[in-house]
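Structure, as structure tokens:
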Amino acid sequence: MTSAELRARFLKFFADRGHTVVASSSLVPVNDPTLLFTNAGMVQFKDVFLGREHRPYVRAASAQRCVRAGGKHNDLENVGYTARHHTFFEMLGNFSFGDYFKREAIVYAWEFLTEVLMLPPERLWITVYAEDKEAERIWLEEVGVDPGRFTRIATSDNFWSMGDTGPCGPCSEIFYDHGPSVAGGPPGTPEEDGDRYVEIWNLVFMQYERAGDGTLTPLPKPSVDTGMGLERLAAVMQRVRNNYDIDLFRNLVKAAAELAGTTDLAQSSLRVIADHIRSCAFLVTDGVLPSNEGRGYVLRRIIRRAIRHGYKLGIREPFFYKLVGPLCAEMGQAYPELVEARPRVEQVLDKEEERFAETLEQGMKILDVAIRDLGSPVISGDTAFQLYDTYGFPVDLTADVAREHGLQVDMAGFERAMEAQRERARAASHFSVDYSQEIHLDVACEFTGYRNAVEDTRIVALLRDGQAVDRLEAGEDGVVVLEKTPFYAESGGQVGDRGVIRSDSAVFEVADTRKQGSDLILHRGKLREGALLRGAVCRAEVEQSLRLATALNHSATHLLHAALRRVLGEHVTQKGSLVDPERLRFDFSHFEPVSPEQLDEIERLVNREIRRNAEVTAEVMAKDAAMRLGAMALFGEKYGDDVRVLRIGDFSTELCGGIHARRAGDIGLFKIVSESGVAAGVRRIEAVTGAAAVEAVEATERLLRRLAERMKAGRDTLEERLDQMFEKNRALERELERLKAKTAGAAGADLASRAVDIAGVKVLAARVDEADARMLRELVDQLKDRLGSAAIVLAAVEGGKVSLVAGVTRDQTGHIRAGDLVNSVATRIGGKGGGRPDLAQAGGNRPEELQGALDGVPEWVRRMLNA
């Protein structure tokens, strides 16, 4: 029975028994900061179990995609070395939300295994929590399980909890017995860690609420949460003991072997690659991109581990992305979203492999040398840190290589080096925060700014220097808290409103509006005239021109977000934003620079929607209803049961609490002014709207006019004239390079005659004026060819800066490394450098000491050669 057939039979079995089949949720948990990835079938139902969410069904079944890599649940280091560890797996599960309980859950499980899958009862072993007499009775008396294949477990292994407090309850586990030919004993015995008995299904009975003091109170509506690994079940049904021998993995392993040009399918590296393509492809499908933090860094670690195992198999060209096709063939029918995302997944994996390939070979050489020169079975933390910091090796990749050599990594030393780097970064940042402005007031403020920009209200608190006062005098800076306010407090990337607060005797200029907590709105500014009193009646007036400009930019940001997803793909999600009266800035997830053509299309889409002039509407509704509408939510934001949904026609739907235009046409015009990268996997677009956009277009027009005048060309011939100029420039550059090469050839012959012989190695250290770094490299390459066995350092000085290039012929790199050679000179002239063993570069800023440093090279080489 294939894995696909097993999945289908499981879901049909429970659908026939009144369960709603629910699609797998994303690997990125929605609004759950406690989890890095979805790691169990119950994750998408967590709020249902906790009573925070209600679904239109009380029975559910699912085949849930799961990842266990990074965080508390981390199987990464074991993948490839064991029969059953994976970074990605599918969990089959059936769930009851206050409907059926132990009896039905147990009977369903037994029926599915013994009647649908026809597993022999004598091959199954049951465990229950020792105190769960009800489950014990059902198994032994109603189901009729053999008491000789039944164990009571007294430990927490058979008692599940969601956390230190909350729902919890006993478990009942079902094991498959591979038979006496396999080592290992039944669960609950000292030999239980063997491979004979494999857990295939866990039935969790949520029947208690655990309080902070540990006491257990029965739940009014007990529930059921079960989980069964598809891969383990497939291994049982296909009569293999290793998950990597099931149909799904066999085909992926074969595909990886073809790329590696090997017929030995038992190599653990092939299994690693077959496992990792599943987790990586589905993570990218669900919007995760490689980066240096959080989920993105876990993805990067998995990708790089797979690439390293490809390198170990002898693969030197990008290969990992080529496995997305075979994966789609295996899993695309069950998960069509993978097939839909295939081009994007292949592109992301290919880009990441190209990026890592640049440093993989160098890093592996350094690691090989470190292992070869070890005097102990431990790779130093400093070496692991150098590989991480310089060559992009995640430390678990280094540990993986160490494990293959029977070695360990000094993790404590690695962490010390990491902490030292963090300290250097903190020391260099010089940021300071004034925490004295944290304000504690037992008051609330009602926001009325959606309806109007002016509000008659009352002052409920005044603060000066963070302290509550009854009065502010003219010229004093302070904070005003109002009973009601039309001022929007900075939130969701939109800056706070500015304006004035007027009383009969005072004018307070609001420079910024901030929120503290959920309902305290702080108006920060300066009292321009009069005296402001706590309790006074006043009028709050928002500066409407600034608000309108900000609102237009905010609505344009929503249009931009929607356009990005249409042009670049559904993986685009907001990573940050800034919306103020002058401009908008939008950070989003994407794996490469946005091309000029894509930027044009994005801008065209936004301006099309502006011309369509759709109404901008806001509606408060239940969060579930908003999600069903397809509203975009910001990951990491916490939303209540009711949310504000902002829609711009049928083009954009997002959860947003900000101030917006009334119609899309109010924006007028949208113009992108820049696109850049701000972090790995995060891009930034800055844009302007309205009058600022018109000014940007006019500025471009003025620039084009000036260029045309200087080129003595019309608008229609300007591009042609520029092409002619560039071609002429390229011809001149080629002629210059030819002359330089001719000069370098003559200089090379002269320099070669100045080399000295030290123990059979030609050594040359010379200054070559009027040469740039490129010419120095070409000269070094020429001299290596001319001199045979050689060690060379050439230097040039320009503008008080020294450039150095060192070269060593390959037959001598075992004795002399170019990086060490160039640094022997660079350190004496206030610089440093590095490079490959045969070629390295450096710089310095003390040209007056250069000649002395060059004169010392022959003696330095003599020491290296022990001559």
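Cβ coordinates are placed from backbone N, Cα and C, and glycine is handled just like the others.
Feature annotation from Swiss-Prot assigns Zn(2+) binding site to His554, His558, Cys656, His660; the stated evidence is sequence analysis.
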Here are the binding-site residues: His554, His558, His660. Which has the lowest count of other Cβ atoms within 10 Å? His660
According to DSSP, which kind of secondary structure is Cys656 (Zn(2+) binding site) found in, if we only use helix, strand and coil? coil
Take the mean position of the Cβ atoms of His554, His558, Cys656, His660, the recorded Zn(2+) site. Which other residues of that chain put their Cβ within 8 Å of it? Gln494, Ala551, Ser555, Thr557, Val616, Leu646, Ile648, Glu654, Gly658, Ile659
At a 10 Å cut-off from the C-beta of Cys656 (Zn(2+) binding site), count the other C-beta atoms across all protein chains. 26
Specify the secondary structure state of His554 (Zn(2+) binding site) as given by DSSP, simplified to three classes. helix
